[in-house]
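J.: The following feature annotations were taken from Swiss-Prot:
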DISULFID  Cys142-Cys219  disulfide bond
MOD_RES   Ser365  phosphoserine
MOD_RES   Ser377  phosphoserine
MOTIF     334-338  motif 'NPxxY'
TOPO_DOM  94-106  topological domain 'Cytoplasmic'
TOPO_DOM  166-185  topological domain 'Cytoplasmic'
TOPO_DOM  256-279  topological domain 'Cytoplasmic'
TOPO_DOM  339-400  topological domain 'Cytoplasmic'
Amino acid sequence: MDSSAVPTNASNCTDALAHSSCSPAPSPGSWVNLSHLDGNLSDPCGPNRTDLGGRDSLCPPTGSPSMITAITIMALYSIVCVVGLFGNFLVMYVIVRYTKMKTATNIYIFNLALADALVTSTLPFQSVNYLMGTWPFGTILCKIVISIDYYNMFTSIFTLCTMSVDRYIAVCHPVKALDFRTPRNAKIINVCNWILSSAIGLPVMFMATTKYRQGSIDCTLTFSHPSWYWENLLKICVFIFAFIMPVLIITVCYGLMILRLKSVRMLSGSKEKDRNLRRITRMVLVVVAVFIICWTPIHIYVIIKALVTIPETTLQTVSWHFCIALGYTNSCLNPVLYAFLDENFKRCFREFCIPTSSNIEQQNSTRIRQNTRDHPSTANTVDRTNHQLENLEAETAPLP
């Protein structure tokens, strides 16, 4: 997710389990995972502890809130990783597998699932980094993990903006929507969203590197001199372009849609189409709302930290990691939302998880028809096979 502003070494305590003194706090340019949003807050022993005097007592012993925080975050990251990977890959499979799912809206959902699947795949690396207090995976993986965080953040919010504009066109300009809202156009727009995200993702990939510090390795972003200026500039740009502007666009689109839905009884000539239109609009609105709820705390926290000095306390550290975890949690929530809010996704998920005899028959029938087209001479054999299957079903059918 947002790897843009947090220290790379999520735990700058050289080993809270074995040592009683904290290593120096990360430098302003050091970042890790979502914590990349703020260069000083990823130390579970408490940010900038050495600035307060470097006393041994400032690094909590085993069993203290820092260890509880570490265990809690590890458990949460594990759940998010498993649910996020399985759920998002299932969403992508369903959209690719079923022809009826290849709509413009679902093409955007595929893009969102791809970005979420990529970022959840980085959580095991970040968890190891957090627990060990060092980055053991090398420079290349460091660059990949940090850039994926940024790509996910920007691609996700750009895709949600696109979905909101798409819904606005479908609801408020249904005639124009016939030409604009096509799967082909949706795929082109998805590619454009990834290209736009590269404006941040690629520079971050080049800036990411590993540095040796006090016996440990940090996966960090390096800034040109003066580093404080470029670091804060990056935070402000992320806040504006990955949060403020997209939220304003989404708010305007849904404000206009709500006015339209209230003023018009029938959006189309069919009650069924009208019901589907409102249902899909509601689903997209919920997905957008959940995204904003999950990402608002970390964006606000980072921008406040960039502008004012926040006292270093255990509560601050716990709050910081909670904001990071909340941002990552969003990546596993979307598949759950689709399953509850969209009947088509719900049906396809059910068919995938619990194959029924009718689904198997339908798949076999599809394969048989395909084989018949490829080999016309086998048509008679296929007919006989179908007849035998029908007889077998009649024989094995339960008695009334």
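Using N, Cα and C of the backbone, Cβ positions are placed for all residues, glycine too.
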J.: Out of Cys142, Cys219, which of the disulfide-bonded residues has the smallest number of neighbouring Cβ atoms within 10 Å?
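T.: Counting other Cβ atoms within 10 Å of each of the disulfide-bonded residues Cys142, Cys219, the minimum falls on Cys142.
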J.: Taking the motif 'NPxxY' (334-338) alone, what is its mean pLDDT?
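T.: Average per-residue pLDDT within the motif 'NPxxY' (334-338): 85.
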J.: Could you tell me how many residues in the topological domain 'Cytoplasmic' (94-106) are helical, how many are strand and how many are coil under DSSP?
T.: 10 helix, 0 strand, 3 coil
J.: What kind of secondary structure is Cys142 (disulfide bond) part of, going by DSSP in three states?
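T.: Its secondary structure by DSSP: helix.
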J.: Within the motif 'NPxxY' (334-338), how many residues are helix, strand or coil going by DSSP?
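T.: Looking at the motif 'NPxxY' (334-338) with DSSP, the answer is 5 helix, 0 strand, 0 coil.
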J.: Who are the long-range neighbours of the topological domain 'Cytoplasmic' (166-185) in its own chain, taking Cβ under 8 Å and residues 6 or more past its ends?
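T.: Apart from its flanks, the topological domain 'Cytoplasmic' (166-185) reaches 102-105, 107-108, 253-254, 256-257, 260-261, 267-268, 277, 280-281, 284-285.
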J.: Let me spell it out: take the topological domain 'Cytoplasmic' (94-106), skip the flanking residues so only those 6+ beyond its ends count, and list any with a Cβ under 8 Å from a Cβ in it.
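T.: For the topological domain 'Cytoplasmic' (94-106), the nonlocal Cβ contacts are 113, 163, 166-167, 181-183, 185-186, 280, 284, 344-345, 348-349, 352.
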J.: What kind of secondary structure is Cys219 (disulfide bond) part of, going by DSSP in three states?
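T.: Assignment for Cys219 (disulfide bond) reads strand.
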J.: Going by DSSP assignments with H, G and I as helix and E and B as strand, what are the residue counts for the topological domain 'Cytoplasmic' (166-185)?
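T.: In the topological domain 'Cytoplasmic' (166-185), the DSSP-based counts are 17 helix, 0 strand, 3 coil.
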